[in-house]
Amino acid sequence: MASNGYLNSIDAVPPPLIDSDGRPPSPPPPPPDSFVPPPPPSSLAPPPPPSSDLPPPPPSELQPPPPEPKKKKGWGAPKPGPLSIEDILKKKKEADEAAAKPKFLSKAAREKLALEKRAKEVEEQRRKRESEQDNRIPVGTVNGNGYGAANGRDGYERSHQQDNARRDSSFVPTGPRAMRNGQQNRPSSDKPNDMEPPPKSAKPATTAAGSSKASVAGEKRPANAEDLQAALIRTRYMGAETNQSTFSAKKKRRRTTEKKFNFEWNAEEDTSPDYNPIYQNRAEAGLYGRGRLAGFAEDEAATLKYAKALEERDIEAGSARAREIVEMERRRKEDAGRNSLDKHWSEKKLEHMRERDWRIFKEDFNISTKGGAIPNPMRSWSESKLPKRLLDVINQVGYDEPSAVQRAAIPIALQARDLIGVAVTGSGKTAAFLLPLLVYISELPPLNEFTKNDGPYAIILAPTRELAQQIEVEAKKFATPLGFTCVSIVGGHSLEEQSYNLRNGAEIIIATPGRLVDCIERRVLVLGQCCYIIMDEADRMIDLGFEESVNKILDALPVSNEKPDTDDAEDAQAMSRHLGGKDRYRQTMMYTATMPPAVEKIAKKYLRRPAIVTIGNIGEAVETVEQRVEFVAGEDKRKKRLNEILASGEFQPPIIVFVNIKRNCDAVARDIKHMGFTSVTLHGSKTQEQREAALASVRSGATNVLVATDLAGRGIDVPDVSLVVNFNMATNIESYTHRIGRTGRAGKSGVAITFLGNEDADTMYDLKQMLMKSSISRVPEELRKHEAAQQKSQRGQGLKKIEEGGFGGKGGAGGC
């Protein structure tokens, strides 16, 4: 029948094979057709046989295979031969291919597999629970020790039964007794392979390694009544455990194996206090008196109310007391506004400035002062103590805001104090000493027919002719509107011409040291009433060998009005008094960029208790100048590179090119003309008329490029210089600083390009340090790694000490 055929197809499953060692062989790999669903489990009942009315199924290729012949068992069964490597590889390949193919399972099949898996898990848990119950020995029946069962027979039988049960089941061996956490007391006759596994943890471990570590560390399962009773008995007979470590391996494992950081937070992590009405509602403490806290009223209404109550209570003295209360409240409000820290110094009035505000003000302008009784700097021209007519002249000239050195030096100079100003080049030093000078001589009697022959009231010394003439031009802007006369005495002009200019007398004389000494020795000029001396670029004068000339000039001054070297020299009122109704104490000012020992010696000899004003850092370049250094070897390559820079159109004229040798000036200027640019030269071999004409052509814009030596490196002010090119690197870092200071003046920006070669090794270290200090400059890699830039050169140190000591000099390049 069809039904019998269907049943035979189900029951025709071959019996499991048995290996020679009695174990069933490994199951065969899955069929290649992975889309065929797995056979139903044996636990499910087979479907009912089809009715006899239906025709038998047609024969097809899917008919079940015929039953295999039964194999012989026992000693007569043929022994299976060893598998060949080809068969093993073939089976493995087929298994891998079958596992790699996707298997389609319907929803019903997936549910059936899940039910089977769940049923197996439940059966496994039930079997383990029964095994644990069978293996557990009740407390008090420990066998073989005389305090359990009546004799050791019970323990032996139980152990024998457990051994038989374990051989029949898949038993997992356990570790030694010390690792079982005292769960039960086993008989001493148990073998190592009879120990049961440790109980499962209530909380499953994340990994197998973590589970094993937790078991070894002694993770305890949930305690029950039997475990507690066993623990009490163990404590009673064996004593309490001592020196028990509180180290938690679980916590350590969680801390060290935590690799994923959780960026979220839970509500349990919130440690802020909950809502508390005590902290939400602030208590207002009403105190005695007219106000609340500390007895002060919070508003004006309460103060007025209190004052009115005083008047009503005491008719005679109450009104006076009420007025005092109101006035005290007004002063308190003013003090609160004056002492407020939220306002910048620029928003406060002068009388509201505190010491903290002045400290911030000095830091903003990089001002540092040294000396006693130094006044605060001025914030603007209107807050200075300059006379009204001089302020009008300043406004006409176009000085909107004072520079840093003017803010600090002018208030000190107006107190008749001796002053040493250390400032970078291009910082406005000329106006810083000219304005106090004009205020000083305006208080002296004007020159007449008799007093004009006694000499000037003030002299200004400059190291070079160009700087002296530049100071003269600047001084005439302020002195001429006030009615004062300024005359310059420099070399290059005839002595008769300068004597003619002095025929009507002059309040201010600007001169170079060499020519001024000639005039004094030839009796062209006397200093009988000179009481104001200014030395500009004092360090440069010493370098040029004018120390002896400076000493002669200062020794020729009258000594009747010399300041005392006492504390009175710091008293502004005492130093402002007139001596004998006409003369005043002599006032000496010195401005320099560096302070070599020779300059310090002059200052100590001729200045009395001077105030020292420093702007910026000594010897550093202006922060507005971008310094670029290029390694270019050879004259031809440098000329080619100079042509590229000038032809780029990046820099607008005027442009200054510095060289070290006079004969190179004319050669470089000639090459620049061949490039298509106009150029003039400036060096010591030029006559005074040629120097003045060259500077005038550059300042007027008629000439594009000025080629000069270090003669034009200091004090020469050519407005709007956009580029300075050091065709040859300066011989020392001080000259380099003054060279690049020709650009970036008056707060404007500029660029300085320096051509460097191996012959400049003596200055590489200082140049690298200067570039590193600049925030807008970059040190080239070749200079950073150069051997000469790693340490300061020691060459020429002895000669430098002799020059600084005043025993020699470099000659009078800019002298008379």
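In case you wondered, yes, glycine gets a Cβ from its N, Cα and C as well.
Per Swiss-Prot, region 'Disordered' is recorded for 1-106 (among others).
If you look up Swiss-Prot, you'll see 24-67 marked as compositional bias 'Pro residues'.
Summarising the annotation, Swiss-Prot assigns region 'Disordered' to 118-227 (among others).
Feature annotation from Swiss-Prot assigns compositional bias 'Low complexity' to 202-217.
Tertiary neighbourhood of the motif 'Q motif' (379-407): same-chain residues 345-346, 350, 361, 365-367, 414, 421, 423, 427-429, 431-432, 435, 438-439, 442, 477-478, 481-482, 613, 615-616, selected by CB-CB distance under 8 Å and a gap of 6+ residues from either end. Per Swiss-Prot, the feature motif 'Q motif' maps to 379-407.
Under the heading domain 'Helicase ATP-binding', Swiss-Prot lists 410-613, citing sequence analysis as support.
Per Swiss-Prot, the feature ATP binding site maps to Ala423, Val424, Thr425, Gly426, Ser427, Gly428, Lys429, Thr430. Taking all protein chains in view, 22 other C-beta atoms sit within 10 angstroms of the C-beta of Ser427 (ATP binding site). Following the DSSP three-state reduction, the secondary structure of Ser427 (ATP binding site) is coil.
The domain 'Helicase C-terminal' annotation in Swiss-Prot covers 624-787. The average pLDDT for the domain 'Helicase C-terminal' (624-787) in the predicted structure is 86.
According to Swiss-Prot, the region 'Disordered' annotation covers 781-816 (among others).
Taken from Swiss-Prot, the feature compositional bias 'Gly residues' covers 805-816.
Neighbour density for Ala423 (ATP binding site): within 10 A of its CB lie 24 other CB atoms from the protein chains shown. Less than 8 angstroms from the CB of Lys429 (ATP binding site) sit Val405, Gly421, Ala423, Asp536, Tyr591, each of them six or more residues away in the same chain. Residues in the motif 'Q motif' (379-407) partition by DSSP class (helix H, G, I; strand E, B; coil) as 17 helix, 0 strand, 12 coil.
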